[in-house]
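Asks: Sharing a structure below in structure tokens format, with a few things to ask.
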Amino acid sequence: MDRALERTKILSNHLVQSSSRQILSTNACLSYSPPELAEVFDFDVKEMRQLLDGHNLQDRDWLFNIIMQSRLFNPTKRGEKVFVTPDYNQTKEMQREITVKRIDYLLERGVFQGWLTEKGSQAELKKIALQEVTAIFDHSLSIKIGVHFFLWGGAILFFGTKRHHDKWLRDTENYVVKGCFAMTELGHGSNVRGIETVTRYDSNTGEFVINTPCESAQKYWIGGAANHATHTIVFSQLEIDGKNQGVHAFICQIRDADGNVCPNIRIADCGHKIGLNGVDNGRIWFDNVRIPRENLLNSVADVTPDGKYLSSIKDPDQRFAAFLAPLTSGRVTIASSAVYSAKVGLAIAIRYSLSRRAFSLKPNEPEVLLLDYPNHQRRLLPLLAKTYAMSSAANYLKMIYVNRTPQSNKTIHVVSSAFKAILSWHNMRTLQECREACGGQGLKTENHIGHFKGEFDVQSTFEGDNNVLMQQVSKALHSEYIAAQRKNTPFQGFGLEHMNKPCPVIPSQLTSSKLRSSQFQMDAFCLRERDLLSRFVSEVSQLQAKGETKEIAFVQSYQLAEDLGRAFSDRTILQIFIEAEATVSSGSLKNVVGLLRSMYALICLEEDATFLRYGYLSMDNAAAVRKEVMQLCSELRPHALALVSSFGVPDAFLSPIAFDWIDANSWSSVHQ
């Protein structure tokens, strides 16, 4: 009873003013105020977008407009605005069919023209730019297109020779042939070398015979296989006269022109997923399927009509590495699309926080905008700065990829592995923070962010598990270190030239100006990378000295390997961002880019425990970094709207809470 009386008194105090006993006056109803009315644009948004997108801005805008013109992309009016967004209330089967119809629509309008038949870096950049736009609308659409062009088409382009190019590329570009890419198996994902599908050559008929020898060898997660693909690239162990020649790639038809599954092939659906339900992932079994000898993609190796195995690459390891080339293009596009997904999440969350208010800090004053709270700034603005830095990194990766040479392939492999992991992890972390920053509205599918988490989660594991990729990066750095030591030569490549210089020294006291110095920031990142590389090499060597194999030594040194992979990635991204900053002429734009660069560097310093663990920063210096991050938040706050506006994503591709969320949720909008 006493507890009930106490609770009644508390409730009464909430409802009645203690001094006058007057009922609290009601507040006026909330109204939406566009942030553009209050926020200042201190720099040229178009110039900033050019820095961010880097290439093919007109082509991107052209495709944005094409998408907005069709009912196929589900234009939906919410309040006074129209948004294009997939209808996620559809069944898995309906999502798959509408994805195909959207591809047909884009095909009719020439979107895919030249994607496989035009040569040169500009054609590749245009293809990547248009692919990035499709991912902003719907990741299923992007992946469905990507599997067809980048994996199936890329395999024919890279692994095939003229006979394959002439027969398959134009039909692939025009979707006469619908391709998929059968590499992953139930029992083997990242370990491609261990796949169990077996192909043998029958010299009596001049045919290869593909077989799934056990259940773990079934091809799994094959995008396009469940419903629509007519052909696939099969990755298989090749046996010639009883000798395993390793993994090779073959063209195999899996459906006829009427969509019927071919004889001796079995296909099953992978089922409903947490995202990407517009992609028909399937499983494939091959029961001694015969294909012509010419269907071996033979740029790396060939088999003569009488069954002799030929290859210009004698080393099996080098030959296997050559077969993984298409995965590089996949990692490039995953890294870049991850950045654009983060941009969409941040644009929505920051625009919402510039119009949504919560709590008054003083009596009779308006409630405070979410983004005017320091903790809200601290949640979103460092992620915004990271996204800017990673945009530059993605642009760099695309440029070295489209301008690749045989000499640069190793660098592209390492950088694409690192950036695919770091950028896709960043995307998932950003989407989670943006979802929470939007409160309950972040749960609504129409507001994109929550659903994007399910759609893009797969980026962490397909085209290479992120943790495995980071270990590959560290192994490559280990090899460079050992080679430089053995040959007694300077470091060259992977950006490791800084290790030829004296070891940087971090000042005992860090002032604000020092913390914002790009030289200090690079020194700190280089110090961490060189020390972790030295520690990693030493630990592996010590384990080998105790009798462990190099492979086991790498596995047991995984913690240092992970730390080193991140150190390499962070240093490379910072270096690229500094170079991008140097291209901007002096003025307000350069000043803001400088703030973003400092925020990126300092938030990395604050978040990575290795800076304290190994003593690169003292406790006092770590505290100074934390304080400076908060100061940078307050300085970036006035530019928040301009920074997300610079993303260049049309309003229709954002969501209702990014604009007039009151009107979008009004009763009058219920039956629009």
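Using N, Cα and C of the backbone, Cβ positions are placed for all residues, glycine too.
Among the features that TrEMBL reports, domain 'Acyl-CoA oxidase/dehydrogenase middle' is placed at 180-289. Positions annotated as FAD binding site by TrEMBL: T184, G223. Feature annotation from TrEMBL assigns domain 'Acyl-CoA oxidase C-alpha1' to 327-477. According to TrEMBL, the feature active site, proton acceptor maps to E463. Residues or ranges marked as domain 'Acyl-CoA oxidase C-terminal' by TrEMBL: 521-654.
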Asks: DSSP helix, strand and coil counts for the domain 'Acyl-CoA oxidase C-terminal' (521-654)?
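Replies: Taking each residue of the domain 'Acyl-CoA oxidase C-terminal' (521-654) in turn, the totals are 111 helix, 0 strand, 23 coil.
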Asks: How big is the gap, in Å, between the Cα of E463 (active site, proton acceptor) and that of T184 (FAD binding site), rounded to a whole number?
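Replies: With distance taken Cα to Cα, T184 (FAD binding site) is 10 Å from E463 (active site, proton acceptor).
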Asks: Sorted by position, what residues of the same chain at least six away from G223 (FAD binding site) have a C-beta under 8 A from it?
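Replies: Spatial neighbours, sequence-distant, of G223 (FAD binding site): I143, K144, V147, C180, F181, V279, D280, N281.
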Asks: Compile a sequence-ordered list of residues in the same chain as T184 (FAD binding site), six or more apart from it, whose Cβ lies below 8 A from its Cβ; state 'none' when nothing qualifies.
Replies: K219, Y220, W221, I222
Asks: For the domain 'Acyl-CoA oxidase C-terminal' (521-654), what is the mean per-residue pLDDT, to the nearest integer?
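Replies: Averaged over the domain 'Acyl-CoA oxidase C-terminal' (521-654), per-residue pLDDT gives 97.
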Asks: Write out how many residues of the domain 'Acyl-CoA oxidase/dehydrogenase middle' (180-289) are helix, how many strand and how many coil, based on DSSP.
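Replies: DSSP composition of the domain 'Acyl-CoA oxidase/dehydrogenase middle' (180-289): 6 helix, 54 strand, 50 coil.
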